Amino acid sequence: MSAYINKILEDLKKSCIGQEVFIQAATEVLSSLEPLLNSDKKYEKHAILERITIPERVVSFRVTYVDDNGKPRVNNGYRVQFNSAIGPYKGGLRFHPSVNLGVLKFLGFEQIFKNSLTGVSMGGGKGGSDFDPKGKSDNEIMRFCQNFMSELYRHIGNTTDVPAGDIGVGGREIGYLFGQYKKITGLYDGILTGKGLNWGGSLARTQATGYGSVYFINNMLKKAGLGLEGKKCAVSGSGNVAIYTVEKLKQLGATAITVSDSNGFVYDPDGIDVALLKELKEIKRARLSEYVKSKPNAKYTPSTEYKAGTNGVWSVPCDGAFPSATQNELNLEDIKTLYANGCRFVCEGANMPSTLEAIDFMLAQKDFYFAPAKAANAGGVATSGLEMMQNAGMTSWSFDEVDTKLQGIMKHIFELSYETSKEFGQEGNIVLGSNIAGFRKVADAMIDQGYL
Ligand code: GLU
């Protein structure tokens, strides 16, 4: 690693105590920028790494709400406005007990480069709370969202910062957040994406992250003369990304044979039943263990039975894996097991699901295709960009129109990343290609706009 990159990472380790996942994300991006930074010294001259690794602004606030028993409950709320060089801050809100500043900085940092790759003008941001939606009533969720927005509203706007969903924030939460924004400000602005279809949302936004990641790997496999047809795929997670990954895999002739949640995973040799999965997760908000009740051939394995230090879902033999749950859910031991069992591609639907060691292992295999999150899961935020365009034009496009644009964007991201990997002498290394391509656009904009 070059002295410049090394120094930045060492400084970050000192200034970001306890923010391990942010350091991990920064290490992954910065270490792959070396060929670019060596070939053009302007990035060092203009202190780009020093600047791009510090958020432009972090807002932190208290969220208090009253639970169904009349008891006051208190959580931390945040918005990390990381970089606005190429557009308004854009990125989701995550409600999960694991949320803290380090997690949101990692997500916001990733978002900068992911959004840049989409070709839509969007900067990077992320927000959320350590609020745990699990087991909360609908009214508790509503009161929490209203109180969260009572603080957040003063920091967002359709040309300043446009949040969306992420883990724990779906259509229901976006509705409550939007309602409160409108009540406080009186504005019917497109300040959130992922809105309901009757009130400003975009068709295909719900499907976009999962569909987009399957489109991405399809482009990548095609380039190598391969295809998804007939492939057995292990998918982790059972939220929005996983559901629509399973659905699109089926449409393209592949079969998803697993899904998971934090309590365990389901293996269905007949292929995951998407309709059943949607009913359980989107309508009943049930645990995944319910799946096997109506599918006698399927097997549920609770996480208590996983081999220590591994994620059980990756022990199932498959041709390709789609980690679509959360960060660091696929480690070195997991990828070695997958590889030994015949898996030859990984497509990241979640943000940073693979550890640095797992990524190194994948990149070292000649017969392996690795589609990193920043490129592969950019379809969600890209379609958020399409939602913003429709809102700005006071129009709405058909499902096919949006889906066609999404396919075009995923193809563009793949080609841009591939061409960039070639430009820097590492053809096919999409980690390097996507990081350099995403970074270069933002860094050049920062140089154009002066020292801010
Ligand atoms: N949370 C999603 C992501 O990680 C979507 C963000 C958005 O649509 O703004 O990219």
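Cβ coordinates come from backbone N, Cα and C, glycine included.
In TrEMBL, annotation is done automatically, which means it is predicted and not curated.
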Binding-site annotation, TrEMBL, substrate: partner of Q111, K114, G165, S384 in K90, K134, K405: K90
Spatially closest candidate among K90, Q111, K114, K126, S384, the listed recorded positions, to N240 (NAD(+) binding site) (Cα to Cα): S384
Residue from K126, D166, T209 whose C-alpha is spatially nearest that of Q111 (substrate binding site), among the recorded positions: K126
K114 (substrate binding site) CB neighbourhood, other CB atoms within 10 A: 28
Those recorded positions of K90, K114, D166, T209, S384 having Cα within 10 angstroms of K126 (active site, proton donor): K90, D166
Residues close to substrate site centre defined by K90, Q111, K114, G165, S384, Cβ within 8 Å: G91, G92, N115, M122, G124, G125, K126, A164, T193, G380, V381
